[in-house]
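K.L.:
Dropping a structure here in structure tokens format, bear with me for questions.
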Amino acid sequence: MKPPTFDASRAGVATGGREFEVIERRAVGMADVSRLPVVVAEEWDWQLHGACRGVDSSLFFHTDNERGQARELREQRAKAICQTCPVLAECREHALTVQEPYGIWGGLGEMERREMFKRQRRALRQQLAG
């Protein structure tokens, strides 16, 4: 299984990061579906094999008022399920590709994914500038 990749052109890096920054600043209710690949049933079959399948989705998504230790414990339980998942890499790849703003996906939380994007954008900018 290949590790997840990051398509910089989809994150707005090719335009100096402006596209990603706009996405980051606005109130986003869901992932940017324009980043989704063409709908082909086989492309989504991995979801049928997720360890999270059948688990209450509230374990993977926080409520508006969830804070502190309660949130940390819920996220730890969700990530523990992810670590047993046969399609962890595919799930993570999906979340990174569409810049999923909410929830635990592929064993990564919202802030972890956001930090990955920031680091990858910085590295690509340095590479393009150097």
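Each residue, glycine too, has its Cβ placed from N, Cα and C.
Below are the features listed in TrEMBL for this protein:
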DOMAIN    51-115  domain '4Fe-4S Wbl-type'
BINDING   Cys52, Cys82, Cys85, Cys91  [4Fe-4S] cluster binding site
K.L.:
For each of the binding-site residues (Cys52, Cys82, Cys85, Cys91), count the other CB atoms lying within 10 A of its CB, then report the residue with the highest count.
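P.N.:
Within the set of binding-site residues, the most crowded position is Cys91.
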K.L.:
Check the DSSP secondary structure of Cys52 ([4Fe-4S] cluster binding site), expressed as helix, strand or coil.
P.N.:
coil
K.L.:
I'd like to know the mean pLDDT over the domain '4Fe-4S Wbl-type' (51-115).
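P.N.:
Mean model confidence (pLDDT) across the domain '4Fe-4S Wbl-type' (51-115) is 95.
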K.L.:
Using an 8 Å cut-off from the Cβ centroid of Cys52, Cys82, Cys85, Cys91, can you name the remaining same-chain residues around the [4Fe-4S] cluster site, in sequence order?
P.N.:
Gly50, Ala51, Ile81, Val87, Leu88, Ile104, Trp105, Gly106, Gly107
